[in-house]
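Here the structure comes first, spelled out in structure tokens, and everything after it is commentary.
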Ligand code: GLA
């Protein structure tokens with residue numbers, strides 16, 4: 001905490017009131033590639049995330065600095081003209097949020113900000129949505145905008161879609177903004193209605209396993225999946241009154257799937273429909289304390305993402321299969337966009353050590369890569385922290 005403040009003063013100089021913010025990363029328990037298909041997701045916010053230390057300026061300049069990208073130095077922009085610039089790299093995410101807020105008619109003044117994140121980069125735990133929400137919350141507080149969190153969530157998603165040009169759904173920003181300690185949020189991405197489900201795992205923990213494979217082609221493949229689902233939807237709409245794939249029951253899908261003429265599009269739509277139904281079911285099971293049933297649904301989710309949606313790949317499959325073979329594993333699946341990144345497992349505490357040792361060994365034999373494991377806690381959503389120690 002002290003070091004972030006000291007670092008801020010070193011970069012930007014003494015004086016003024018410095019305020020501190022924290023925005024978590026997220027992990028999705030189940031409900032993958034359903035958000036942009038109008039289905040349900042079931043993510044939670046993590047206790048790891050992005051810290052932001054900020055001070056208001058009297059002029060129209062905004063200065064960004066990240067301790068994770070120190071070699072890029074301070075990046076300065078003028079509020080009067082904020083444009084996407086490839087060489088600004090990571091700073092395009094917070095720049096996008098500032099730009100969308102201004103475009104939405106909110107009066108914001110200049111500021112200096114220093115970020116520090118402890119979410120492993122490129123691991124699919126939403127470090128970008130985390131920095132977006134950190135920025136939205138600090139803008140809200142520094143300028144007394146009194147915005148609702150859901151507004152900030154939507155503006156952050158727009159920043160990513162319109163400013164950065166990544167066509168993501170709303171899950172990541174929503175989980176990060178609206179997350180609650182020790183709870184997962186069941187979100188209907190069609191209506192944005194949501195409920196919290198306490199995650200009380202008794203003698204087990206949430207373990208994120210990192211393939212340490214960067215998500216290389218993820219963005220183009222992600223957009224390809226979106227188009228495949230859109231094509232499937234429009235063919236179904238010629239016969240059914242639906243707005244999204246999330247409107248379909250399994251029965252209606254099965255009775256109408258022949259209208260999707262391309263077999264690949266049909267598989268993608270099948271995943272979207274079944275995964276949505278699975279997610280609603282999983283939330284019920286968790287609430288009832290039926291952990292084995294929840295774990296079984298996680299298993300089915302991974303199989304569907306592997307065989308029908310085809311977004312897993314060698315590394316994610318190897319890591320999940322190694323986990324499935326271990327004693328004390330309640331459930332395990334890929335999480336996030338796929339093609340690399342992380343898996344999420346629920347592991348009984350007494351088997352945590354053997355889980356890490358054995359999974360690492362099998363995974364390395366299959367892929368040549370060394371995985372990393374994080375036993376995570378579910379923390380609260382993006383917020384101002386008076387004492388940074390509250391978040392640390
Ligand atoms: C990425 C996107 C989300 C969601 C997931 C897949 O994390 O940012 O909107 O689509 O992939 O579930």
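Glycine is no exception: its Cβ is also placed from the backbone N, Cα and C atoms.
Automatic prediction, not curation, is the source of TrEMBL annotations.
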Joining 32, 33, 34, 35 at the substrate site recorded in TrEMBL, out of 194, 196, 222, is 222
Take the domain 'GHMP kinase N-terminal' (92-180) and average the pLDDT across it for me. 96
Would you mind sorting out which binding-site residues among 32, 66, 125, 127, 160 put a C-beta under 6 angstroms from ligand 1? 32
Which of the binding-site residues 32, 160, 222 has its Cα nearest to the Cα of residue 128 (ATP binding site)? 160
Determine, using Cα-Cα distances only, which of these recorded positions is closest to residue 127 (ATP binding site): 32, 33, 35, 160, 172. 172
